[in-house]
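Q: Let me begin by handing over the structure; questions about it come next.
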Amino acid sequence: MHKKLFIPGPVDVAQDVLQKLATPMIGHRTKDASDLQRGISEKMQKLMYTKNEIILSTTSGSGLMEAAVRCCTRRRAAIFSVGAFGDRWYKMAEANAVPADKFSSELGKPTTPEMVDEALSTGKYDLVTITHNETSTGIMNPVEGIAGVLKKYPDVVFCLDTVSSMGGTRIEVDRLGVDICITSTQKCLGLPPGLAICSISQKALDAAKEVPNRGLYLDLLNLYKYIQKKDYQYPSTPSLPHMFALDYQLDKILKEGLENRFSRHLEMANYVRDWAKKYFEMFAEEKYASNTLTTIKNTKNISVEGLNKELGKRGYMISNGYGDLKEKTFRVAHMAETTLDDVKQLLKVIEEILGV
Ligand SMILES: *Cc1c(COP(=O)(O)O)cnc(C)c1O
């Protein structure tokens, strides 16, 4: 039996979108491939509110996170972490011998504009990474305020991880001044895992020119130059099945309307938050709660694993807490094509199982 997924990726994918993965192959050095890739870039620019170039990568989101910190840090990176994915970015810097410092917030709390200002005022950093939406704690960082601070430091490259939020909430890349905005397919975009997407600004490209060892496969400058020269083709063979599906899904997203899509996500978030407060507690400070998933504090000391087992028998799946937060929290994703009715149904089944 297929379990309906309420986990923060991979998400359920609509049947018609899944079928696009089975599109007969085309040559990746053909005009059709160029047209496909150019079309995706134009649609992604709408979704991201940017005029910056779009780069696709046949990796999960982590691939482009590693690429960003490696290719564009000239002197030293300031990595802001509010949980597992910020920590991962710091490990990537370390593993690539990129000089970096990590600025962590207490779990469940955001990165504040003040923290960013304090770090950058030292003049030590020329690249900043921010997790927009932390999928472990359910925090959505105050990106407007952080972007305001970044405007005071025009030489600093601003990298934003929107893997679990892009497509579920409004993130205006150009207005915020994000230089590298990263997302991937298996979360709010409603596609299978396997493709990452970023926007890249001229400032980030100029920074990369000053970095000697950017790797090869994930060299953002090389990828950028290649797609400019070869009409949106890529140096290596890209995942064409994902591209067929992404192209089609982006049409569906734009047809739903971005405003409608974002409101649907917020409506689901509000419903889950109210439910969480009725029976448990929110883990994230509510002012910073994510619109795409909710992390719930396990105040009733239930067995989350046991609950998920029971849900499984009934055709549903949620997520346990991430890492150290396992059993202490659990997570309900409300992203991609999930509807408010789906969410209501799930929560009702949980109430039945728990007998509350
Ligand atoms: C899912 C996710 C990623 C990417 O993880 P992969 O394992 O590479 O798919 C990065 N950041 C956040 C916030 C995520 O939720």
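Heads up, the Cβ atoms here are built off N, Cα and C, so glycines get one too.
Per TrEMBL, domain 'Aminotransferase class V' is recorded for 25-322. According to TrEMBL, the N6-(pyridoxal phosphate)lysine annotation covers Lys187. Taken from TrEMBL, the feature substrate binding site covers Arg331.
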Q: Looking at Cβ-Cβ distances, which residues of the chain lie under 8 angstroms from Arg331 (substrate binding site) while being 6 or more apart from it?
A: Ile7, Pro8, Thr135, Gly138, Leu293, Thr294, Thr295, Ile296, Ile318, Ser319, Asn320, Gly321, Tyr322
Q: Provide the number of Cβ atoms within 10 Å of the Cβ of Lys187 (N6-(pyridoxal phosphate)lysine), excluding the reference atom itself.
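A: A count of 28.
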